[in-house]
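One structure is given here, and the rest of the page talks about it.
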Amino acid sequence: MANEEQGSILKALDVAKTQWYHVTAVVVSGMGFFTDSYDLFVISLITKLLGRIYYQVPGSSSPGSLPDGISAAVSGVAFAGTFIGQIFFGCLGDKLGRKRVYGLTLLIMTICSICSGLSLGRDPKTVMVTLCFFRFWLGFGIGGDYPLSATIMSEYSNKRTRGAFIAAVFGMQGIGILAAGAVSLLVSAVFESKFPSRAYILDGAASTVPQADYVWRIILMVGALPALLTYYWRMKMPETARYTALVSKNAEQAALDMTKVLNVDIEASAAKNDQARVSSDEFGLFSMKFLRRHGLHLLGTASTWFLLDIAFYSQNLFQKDIFTTIGWLPSAKTMNAIQELYMIAKAQTIIACCSTVPGYFFTVGFIDYMGRKKIQIMGFAMMTIFMLSLAIPYHHWTLPANRIGFVVLYSFTFFFSNFGPNATTFIVPAEIFPARIRSTCHGISAASGKAGAMVGSFGFSALVKALGMSNTLYIMAGINLLGLLLTFTIPETNGKSLEELSGETEPEKIKEKIVV
């Protein structure tokens, strides 16, 4: 039996039951994040291999390694591209619409993933320059996926489960990290079985077989597959009803799009004077009215994301160095080039399975019950505690009998970053800003995070060399504590509609007839 009710498009979105389309949107948007994290984190697995292939010094007592500057560039150049892409595509998503630029980011990621693996030349300089060039543009495409995926998912979702939906999209980052390790394990195992060689300590020249040059290229190019496979479905997604109604001022089209995907019949009857009232309340980005309403919120989302990413990316990108320092990974001399890649990938995969991935999905399960702010405070607090637990008795953890304990505590920092601020810093900016600048503000917040990632990727190894691992861990603990304090500048968004949070429209401003 059909019941006729007066309501709004926006209210219909907020009260809509979870349907198959929501699940489809999570998968399609999430596969972009799967690709993002695979491409960003896989580089940390292959840098040791690149050093052996291109920077081996004949007769040296230790395997070749990338020079510090080149290592930092290879690890961090994608973040520079991501930083620019987040701001550029964030603004474009508000100007042109979410859908119109959503497919472009995926195409850039696909093309540049392939080109990264096809980096030109054989001499070290040429290979590194072309690799960095394509990884910069890969990062540019990845950057666009952050504000667009978050904004699209928040605008599609109902208010009851919105946090879980956005967290599920972001949770694909964990699956991407896991996949990066798994693919590296598989490729290195296959090549090791087909092209075995002796450990470096036994035969330095022969420990890196010529075929190793194919290994890192294949691993990088695999990142193009998930992006390519979901391109068609991403282009089939309609523009979000919130953007169409509130920004494009086309209530009829918004009603039509909603009718197709959410199983409700809507007759749009929004009058022009209603839409004019919405427009009259508009204010520009960084206007005085924006700063009064949302200035502190933007400061909070940007600063907490910046601090989180310093710790998160330095931990991820340099965990191989940390594990080598404490002796959890064997000495590089005792392995050939492909075996070393295998062992690094194995360590990352274990950490991903035991702490990284579970953390993401704890967030999915609890965020709409606990709220965003509590989870973020808890995450920063626990990361601070575990970092101090590693730093204070650092010498204790370096003893052979205690190394597993170090790895366990280190894993907990990953768990609480993902069941904590790594997820919530992505979610909150997609909820608290008006629709007409939502994508831009999310892009600014995310770009602030990537600035932190660049600080982490370029600065972590320098800090360790200058201050030692123990003092560096103290600094990371301090960064997490500061992130906890700045969390109090953001509002709790749990259980509230996007329009209630942004204050951009009243329920009666856009009226439709809904038949359920």
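Residue numbering: from 1, along the chain as shown.
Note that Cβ sites are derived from N, Cα and C of the backbone, with glycine treated the same way.
According to Swiss-Prot, the N-acetylalanine annotation covers ALA2, on the basis of a large-scale study or a structure entry.
The feature topological domain 'Cytoplasmic' is assigned by Swiss-Prot to 2-25 (among others), with sequence analysis given as support.
The topological domain 'Extracellular' annotation in Swiss-Prot covers 47-71 (among others). Among residues of the same chain six or more beyond the topological domain 'Extracellular' (47-71), those with a C-beta under 8 A of the stretch's C-beta atoms are 123-124, 127-128, 200, 204-205, 207-208, 212-213, 215-216, 320, 332-333, 337-338, 340-341, 344, 461-462.
Feature annotation from Swiss-Prot assigns topological domain 'Cytoplasmic' to 93-100 (among others); the stated evidence is sequence analysis. Outside the topological domain 'Cytoplasmic' (93-100) by six or more residues, the chain places 144, 147-148, 151-152, 155, 235, 237-240, 243, 247-248, 436-440, 443 with a CB less than 8 A from a CB of the stretch.
Across the range of the topological domain 'Extracellular' (122-132), the DSSP-based residue counts are 9 helix, 0 strand, 2 coil. If you look up Swiss-Prot, you'll see 122-132 (among others) marked as topological domain 'Extracellular'.
Sequence-distant contacts of the topological domain 'Cytoplasmic' (154-162) (same chain, at least 6 residues past either end, Cβ-Cβ under 8 Å): 13-18, 21-22, 25, 98, 240-243, 368, 427, 430-431, 435, 438, 495-498. What Swiss-Prot lists as topological domain 'Cytoplasmic' is 154-162 (among others).
Per Swiss-Prot, topological domain 'Extracellular' is recorded for 184-212 (among others), and the stated evidence type is sequence analysis. A Cβ distance under 8 Å defines the sequence-distant neighbours of the topological domain 'Extracellular' (184-212), meaning residues of its chain 6+ beyond its ends; these are 42, 45-46, 49, 52-53, 56, 58-60, 62-63, 218-219, 332-339, 341-342, 344-346, 348-349.
Marked as topological domain 'Cytoplasmic' by Swiss-Prot on the basis of sequence analysis: 234-293 (among others).
The topological domain 'Extracellular' annotation in Swiss-Prot covers 315-349 (among others) and is backed by sequence analysis.
The topological domain 'Extracellular' annotation in Swiss-Prot covers 396-403 (among others).
The annotation topological domain 'Cytoplasmic' is assigned in Swiss-Prot to 425-442 (among others) on the grounds of sequence analysis. Sequence-distant contacts of the topological domain 'Cytoplasmic' (425-442), counting only residues of its own chain at least 6 positions beyond either end whose CB sits under 8 Å from a CB of the stretch, comprise 87, 89-94, 98, 146-148, 150-151, 153-155, 162-163, 166-167, 170, 242-243, 246-247, 282, 285, 290, 294, 297-298, 301, 304-305, 308, 367, 372, 376, 449, 490-491, 493, 498, 501-504.
What Swiss-Prot records for 464-471 (among others) is topological domain 'Extracellular'.
What Swiss-Prot lists as topological domain 'Cytoplasmic' is 493-516 (among others).
What Swiss-Prot records for 26-46 (among others) is transmembrane segment, and it gives sequence analysis as the kind of evidence.
Per Swiss-Prot, the feature transmembrane segment maps to 72-92 (among others); the stated evidence is sequence analysis.
Taken from Swiss-Prot, the feature transmembrane segment covers 101-121 (among others), and the record attributes it to sequence analysis. Taking Cβ pairs closer than 8 Å, the transmembrane segment (101-121) reaches residues 32, 35-36, 39, 85, 89, 92-93, 127, 130-131, 134-135, 137-138, 140-145, 148, 152, 216-221, 223-224, 227-228, 230-231, 234-235, 237 in its own chain, all 6 or more past its ends.
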Counting by DSSP, what is the helix, strand and coil composition of the topological domain 'Extracellular' (47-71)? 12 helix, 0 strand, 13 coil
Among 133-153, 294-314, 350-370, which stretch has the most Cβ pairs under 8 Å to the transmembrane segment (72-92)? 133-153
Determine whether the transmembrane segment (294-314) and the transmembrane segment (133-153) share at least three Cβ pairs under 8 Å, counting only pairs 6 or more apart in sequence. no
Under 8 angstroms, Cβ to Cβ: which one of 133-153, 213-233, 350-370, 375-395, 472-492 has the largest number of such pairs with the transmembrane segment (443-463)? 133-153
Count the Cβ pairs between the transmembrane segment (404-424) and the transmembrane segment (133-153) that lie under 8 angstroms and are 6 or more residues apart in sequence, then report whether there are at least 3. no
Whole-number mean pLDDT, the topological domain 'Cytoplasmic' (425-442), equals 94
What residues in the same chain, six or more past the boundaries of the transmembrane segment (133-153), come closer than 8 Å to it by Cβ-Cβ distance? 25-26, 29-30, 32-33, 35-36, 39-40, 43, 74, 77-90, 92-93, 98-99, 101-102, 104-109, 112-113, 115-116, 119, 165-166, 169-170, 237, 240, 426-427, 429-430, 438-440, 442-443, 446-447, 450
Would you list the DSSP helix, strand and coil counts for the residues of the topological domain 'Extracellular' (184-212)? 15 helix, 0 strand, 14 coil
